[in-house]
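According to TrEMBL, the compositional bias 'Polar residues' annotation covers 298-317. Sequence annotations record features per position, and here TrEMBL assigns region 'Disordered' to 298-331. Residues or ranges marked as transmembrane segment in TrEMBL: 7-27, 33-56, 76-100, 106-128, 135-163, 183-200, 212-234, 263-285, 347-365, 377-397.
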Amino acid sequence: MQPRFIIYLFAVNALMNGIGFVPRILLTGRHDGAYAALLGAFLLNLFIILFIFWLLRRFPQKDLSSILAETIPPLLRVPLMIYFVLQWLIAGSLSVIMVAEISAKYLNVGASGLTILYLFIILVLAAARLRSDRVLFALELSFIMTLPLLFLIVIATFTTQGILWKSIVILLGEGGLPDWEQLSAASYVYIGYINILLFNKVIQSTFRLWKLIIGILVIFILYLFLFSLPIALLGTEAVAHYHYPWVITADSLRIEHAPIERAFYPALIGYLNIALLNTIVHWHVTLEFLKSLRPASGQTRSTQTTGAKEKSGQSTDAKQKPAQGGGMPLLPKKENLWQNLMMRLEFWVLAAYGLTLLPFVYNRLPIDLFYELNRWWLRFLLPNELLALLLLVWSAWRTSGSAQQKQKRSRPKRRTRTA
């Protein structure tokens, strides 16, 4: 697949963070270096992203689990992959909870938040089980369809009166050094690139690094605009009184002489669509990394039995071919049904979590507790990026060392001249 899909991974994650928990964290410290945190996160993540993409060129058509399987022993690889699975699972869970909460509060006021959460989880599970290339194609199509709704925000920004851009200048003058929490929250804007650790197996590694730099710079400027607009419209002090300031900002925007005067519904629908796409990507990565933890013993046995049948002249297709005049059975045989269930074991584990545990926690805990959980989880964001970077550095060093040893072994020995 073409490298253009990398841009969608970046853009979807950056736009989703315009309306979630991240702006609330940054706006809390707007007087204490929020803009410095955005600039520092841009420079730091620019270095990490370029280094990771440069390392992934050494492993074309391979994801993180395949790379670690060749360079790290299983006793260390399995705990690392479980840790990454939990990180992606938490990220997707927080996103879908945020989408359900905003939909219940502002779009479907009369509906239950738990019912909306169930509907979104079923949609995410149905899309996350697709192949990686189909997930990327669906991501591209949905993102392109959402862009006109997001352009309405830009048009409404320049047609709405009462926007005070001087508030931004005041905050820039009050800026100080950011703390770790603000730097981690600002880094989450660029974390969409980390999904390349899975999608590297389907995306070609022929991208240019300078194009990647331009894309990251565009995302930085775009998020500066998205972050500054609520401050300029609501004020430097009133903006901190709302849990979702961008929702109130979208409700304040007007487009005169337009088919849709209020930009509230187009903006909110577009943002919720982006957030759902991001959740689908997160849980798809979770599902694929769970599949990589399955032991390969079952696959070797199946290949051995298949090879034995082919040698004996009995093909598996011939056994499954129905008799003349009859069709395939509506339900598979009991042993085939059990095999299909075991082949999709990882999906059923994810579905059990999404349809039982996550709604139970959402129904029992207040939304502010999920905000605190997001703050706690974001503190481990930069260490997780550095961990992935160190693993790729180690794998690149191991593969280069093994390649040099193979070259030494393959070199013919020089003949010594005898007198």
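Glycine too: its Cβ is placed from the backbone N, Cα and C atoms.
Just so you know, TrEMBL annotations are computer predictions that nobody has curated.
Through the fold, the transmembrane segment (33-56) approaches residues 26-27, 171-172, 175-179, 182-183, 185-187, 189-191, 193, 196, 200, 205, 207, 209, 212-213, 216, 220, 223-224, 227, 382, 385-386, 388-389, 392-393, 396 of its own chain, all at least 6 residues removed from its boundaries and within a Cβ separation under 8 Å. For the transmembrane segment (183-200), the list of distant contacts is 5-6, 9-14, 17, 22, 25-26, 34, 37-38, 40-42, 44-45, 49, 52-53, 56, 59-64, 84, 132, 136, 216, 219, 223, 278, 281-282, 284-285, 288-289, 375, 378-382, 384-385, 388: same-chain residues at least six beyond its ends, Cβ to Cβ under 8 Å.
For the transmembrane segment (377-397), the partner stretch with the highest count of Cβ pairs under 8 angstroms, out of 76-100, 135-163, 212-234, is 76-100. Counting Cβ pairs under 8 Å that are 6 or more residues apart, the transmembrane segment (106-128) and the transmembrane segment (347-365) reach 3 or more and are in contact. No contact links the transmembrane segment (76-100) to the transmembrane segment (212-234), because fewer than 3 Cβ pairs that are 6 or more residues apart lie under 8 A. Same-chain residues lying 6 or more positions outside the transmembrane segment (263-285) and placing a CB less than 8 Å from one of its CB atoms are 9, 12-13, 15-16, 18-20, 88-89, 91-92, 95-96, 98-99, 102-103, 106-107, 120, 123-125, 127-130, 132, 135, 138-139, 142-143, 146, 149-150, 152-153, 156, 192, 195, 197-198, 246-247, 250-251, 253-255, 350, 354.
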